Amino acid sequence: MLLEFLLLIGISLSTACPSECRCAGLDVHCEGKNLTAIPGHIPIATTNLYFSNNLLNSLSKSNFQALPNLQYLDLSNNSIRDIEETLLDSFPGLKYLDLSWNKIRYVPKLSTAPNALVSLNLVHNEISRLDNDLVSHSPYMQTFLIQRNRIQSLPHDFFNSRMVPTLKTVKMAGNPWSCDCRMVNVKQFADSLFAHSNQNIFIVGKCFFPKGLRNYVFRNLSIENLECEKPEYSKTDDGMFKMSCPNNEMEGYHYDSIFLENNKEARHTAHFARDKDGSLLSNGQFTRNYQCAFYRQKQSIHMQKKMQASSSTEPPITTTTMEPMTTSTMDSMDTTESVVTMTTMPEIDTKIVFEHKQLDTTSRDGETLELKCEASGEPTPTITWLFEKQKLTESRKHKLTKNGSVLKIFPFLNTDIGQYECVASNGEESKSHIFSVSLKESEQPVIIDAPMDTNATIGQQVTLRCNAKGFPVPDVVWLFEGIRIPRRNTRYTISDNNIELTIEKVTRHDSGVFTCQAVNSVGSAVATANLLVGAELTEKVDKLLDDSTIEKIAKEAKQKVEKALSSTKDQQRMDKIESPNDLSKLFKFAINLKKVDLGKAREIYEESIRLVQMHIDNGLAFESAMISPNVSYEAVLPVSYVQTLMEKSGCQTGQFAESCEDHCFFSKYRSYDGQCNNHEHPWWGVSEMAFMRLLPPRYENGFNTPVGWEKGKRYNGYEVPNARKVSRVLIGTDETTPHSHLSAMTMQWGQFIDHDLTLTAPALTRHSYKEGAFCNRTCENADPCFNIQLEADDPKLHTGLYQKHPCMEFERNGAACGSGETSPIFQRVTYRDQLNLLTSYLDASGIYGNSEEQALELRDLYSDHGLLRFDIVSGANKPYMPFEKDSDMDCRRNFSRENPIKCFLAGDVRANEQLGLMSMHTIFLREHNRIASRLLEVNENWDGETIFQETRKLIGAMLQHITYNAWLPKILGKATYNTIIGEYKGYNPDVNPTIANEFATAALRFAHTLINTHLFRFDKDFKETKQGHLPLHNAFFAPERLVSEGGVDPLLRGLFAAPIKMPRPDQVLNKELTEKLFNRFHEVALDLAALNIQRGRDHGLPSWTEYRKFCNLTVPKTWSDMKNIVQNDTVISKLQSLYGVTENIDLWVGGVTEKRTADALMGPTLACIIADQFKRLRDGDRFWYENEEMFSKAQLRQIKKVTLSKIICTNGDDIDRIQRDIFVYHGNSTQFYEPCESLPEINLNMWTTCCDAMCSSSSTLARNAIGGDEKAKRRKRRHHHSKKSCHDKGKRRKSGDRWNHSNDICVECMCHDGEVWCKTNNFCKSQV
């Protein structure tokens, strides 16, 4: 049973929604219901709870059951007076508590131990006293608000220095503050907070007492101003010693005297008595140095004169009759005070005071001018800006920040010279301040630190400096041989201030003239430096090599690579496929021939360089000082030889360029390979192009060898750790924790979308080019082999299979030939970049493919109805994906022989990877055909091509909408999503959507931390199916299970009705992935974590700390710095033992061990990379669904109704209930599942046209006539596919003919595109 299963994994959730409230996901809304008590049975998984605008009058722990996941509690606008102590013990995860606009008088201690509060709002209550530990028990507190209460002073040490790093905003104005010695601690803390960051806000407001400081702004006072009274000493008639406080200012007030020692209420050891006037009486003399102050009350106060029980939530009331006071009584004076009922608040002056006045200033032409005016008052005033008596409003030129108190003008011009006025008003008063801005003379740049001529050896690091002065501050630009050096994606590193240019490993190609140019609006200055690299060595190399030698080397390299590729294919055909691991390798090497050629060219080129090295080493006896270690020998070759090797390898050919002349088609529909999307940057986002990089790569030789290639090499004093060891020590876990409120579909959608965006070109061969050995038969690092060594204590060695070659097989991914740029900089040494075989755009290419050939293979061209083809259907008569026919990828070669079938065919070659992914591909094939059929009904004038393209366009829009509106905010957290991605503001052709290497190779692989040990399978009643849940290692490449074990429904229910694994730094990857990946019986398993780490090194990704710097995050220099980033001492200790220094931590490892950001599934570094990528994917896509040119407003409204839940309901076999937000997990209760018919549905009538100009047929024919290009010819040929005839047992059948196979009425056959297709009739299936 489902309930039993959930209990087994530790989940027991009460999810009933209170009848008085409305529940939406994990939010419970009970606002404005006139509630006088908290309703019971609040769902235990609740994260946000809203009780504002009710009639609640008290809060106690008995009102709430424990809500461990509660993060936000809104109790504003009630009548709450009493709060029970330690209330927050019931909400250990509560971060935001809003108690504003109530009638609270005293706030007690809220928790027994430090709590998780980030924000506490107590605005507009009747609070006169706060517990001493209220804020100090909240170590994560960032915002504390107590404006408009009745607080005269705060307890001593209410704020302490430990709060300085976290507390950002404190607002306490509107209280009748007594600015005396009791406030010294507050003043000291405020000064510390501002010293820590001038962005912090700490507002106390104005003093009310003493009279001499009334209406003074607290912030402007010095500590010397905060004085208390000196007591007066006397002796009574009966011999008692008396200490009293002068009451010169107390006319019109009741008051209590308070005696202090060192600014803190005094604790006494002697026996005292309290006189009726508040003085202290003692039998002996007062020996300590006391001060005194008052707790003041107005004449209209009704005082309660009776001592209350100490158990009250408010402080007990002191007596006014004279009686002996014991030590314990005096000790209680620290925590007791008169409780009063005040009929009116002390009047606070509404006078506006300018806290900061902008002085007359000057500015230079073209710079940014910042003007500042700050004012205080009650109510808080607003600032308005005027220039020459004309009001200034927000614009591109004028920016208002900090609630209008700061005005930024850019660019400042002559027309901005004149008189400015800032006006502060609060509805009761208005004040203004006038000042002038004049023009300051500009200065032409002068270079004060010019670069110097330099001689360097090959492989040496060279840094050139260029510093300049002038006004405006000049920008420094670097050029090489007259061509500007870009900041990113070259071997040159330019410092943040542009002053330094660093070349990591210089080559002979860097010899030349470097220029620095300092430029501002006035003029420019130029300085040059000559760099000469390896003159002696390059002279010898030029004598050793000639054109014929280079030709021979290129030919030999090509033969070696082609031989290795041929051997791999031969072995592939001979190998016995006994496991998903074997099948995975088969898929890996069965890629499109064109893509093979693209990758092979780079492999030939790199092998040519290795042969050049051998030739030079054998022919020259040069000293080691002439070339630095770990430098590619490409660095010593002349440019002409490099170009020859590139030409001979095939590296100078690239992607076929689409003409994009068919404006009708490409204005409405995407190309398959991403071309014709961005007309200004035609290669951005295109398939079969290199990934872009956020940071320059870190290769061991600066060219192509990964970190760890040379054994024993140290980085920052330490060797990089073995990838498998990192996985064993840090990553793998036997224990997993289920997520409290996100479903397993969160992970599955991530994989589905990833396969739409990234597919790195794999290695072409499993043979070493150098020795010809299989990669699994050597542990040497020899391209393409980069195997992972197994250490002596590794359990994998116990199998005996690794005894001879104790390493895990790993081939390097293929490489791109180059960037395609033509500048001299890029014709020199180019580091190794990897190839993305897919389009970068989120365009449903995983469904339709990345080329027209793929799309035609997937389409049903017989009917010309725009459908995707299929071969078999489910019991519900809904199609499965078609089978592969002509590929080497044959899932019948898998171990499972009881129901062998071929692999399914989809737009992405990985569709068969696991059953959950197969289900998603199946659902979207069905959704395509459903939409296409409906579009044909409402548009009888459309041909099949138009229907197909319109459906493809709509499916792509659906994927975009689901991803950005439902999925991304959950994985990134709403705050990160809103900050980095934000609202869509239109297409920008200057935004590069190309997938970043860091995103594909590390960041998006965070999703591996979400994978469960099993694929859950539930029946219609949400109970485990008779086949049971499927261990993950049995779900790979098993399409027969999809067909024979219940179809897609059990798997889909398992995705939306079960939770994902919780990502935790101490539970990163379950051991199904680190110890059993692709495992089957005797087969030795792979390790996904080790593969991720090794792949990051293969791709030359810099360390994790470099990306923290890139994302403007704090960069840990020491291991103690890690405590605020990882927040798990055990994990930090393991990282230290593995890496030695923080600078060596791999990006993926650092990313998955960081503390997760609020509401996110990852830490800030990976979130930064992922959010940056998805923002670029959206903003740089001309076909983005919200671009007003793509869909009509009516169509867009319909698209925004789309949910993945509805798509699954519509296309599942028999799914009738589902949650509205499919990514939210609601525990073991089905009450959150809604009937499918209640979910919103897209209205396809909005796509009805009567006379729409179609691009499909006419424009296709036009393109054939104009260009005659191969792609257009293929489009034309599609209309003739249906004319092919078939031969069946000697009979010739026309295309479209149907007949019974061998007169068997249960089997119907059809001639389609020259092929015979047969299926079993449904009525026969039901009989069976």
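The backbone N, Cα and C atoms fix where each Cβ goes, and this holds for glycine too.
Not measured: the values here are computed from a predicted model.
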* Structure fact -> The residue that Swiss-Prot pairs with Cys1236 in a disulfide, chosen from Cys1168, Cys1209, Cys1286, is Cys1209
* Structure fact -> From candidates Asp754, Asp756, Asp943, Swiss-Prot puts in the same Ca(2+) site as Thr839, Tyr841, Asp843, Ser845 the residue Asp756
* In Swiss-Prot, Cys466 sits in a disulfide bond; tell me which of Cys373, Cys516 is on the other end. => Cys516
* To do: From the disulfide-bonded residues Cys779, Cys785, Cys1236, pick the residue whose C-alpha lies nearest to the C-alpha of Cys516 (disulfide bond).
  => Cys785
* Asked: Among the disulfide-bonded residues Cys466, Cys676, Cys775, Cys1236, whose Cβ has the fewest other Cβ atoms within 10 Å?
  -> Cys1236
* Between Cys422 (disulfide bond) and Cys779 (disulfide bond), what is the CA-CA distance rounded to a whole number of Å? -> 74
* Asked: For Cys1168 (disulfide bond), which residues of its chain lie six or more apart in sequence with Cβ-Cβ distance below 8 Å?
  -> Ile980, Tyr1107, Phe1110, Cys1111, Leu1113
* To do: Please compare the disulfide-bonded residues Cys516, Cys660 by how many other CB atoms fall within 10 Å of each one's CB, and tell me which has the fewest.
  => Cys660
* Asked: What is the interatomic distance between the Cα atoms of Cys373 (disulfide bond) and Cys676 (disulfide bond), given in whole Å?
  -> 51
* Structure fact -> Students should find that the Cβ of Cys807 (disulfide bond) has, within 10 Å, a number of other Cβ atoms equal to 20
* To do: State the count of C-beta atoms found within 10 angstroms of the C-beta of Cys422 (disulfide bond), not counting that atom itself.
  => 26
* To do: Round to the nearest Å and give the CA-to-CA distance linking Cys1236 (disulfide bond) with Cys775 (disulfide bond).
  => 52
* At the level of the C-alpha atoms, what whole-angstrom distance separates Cys775 (disulfide bond) and Cys807 (disulfide bond)? -> 10
* Conformational class of Cys1168 (disulfide bond) under the three-state DSSP mapping -> helix
* For Cys676 (disulfide bond), which of the disulfide-bonded residues Cys466, Cys779, Cys807, Cys1209 has the nearest Cα in space? -> Cys1209
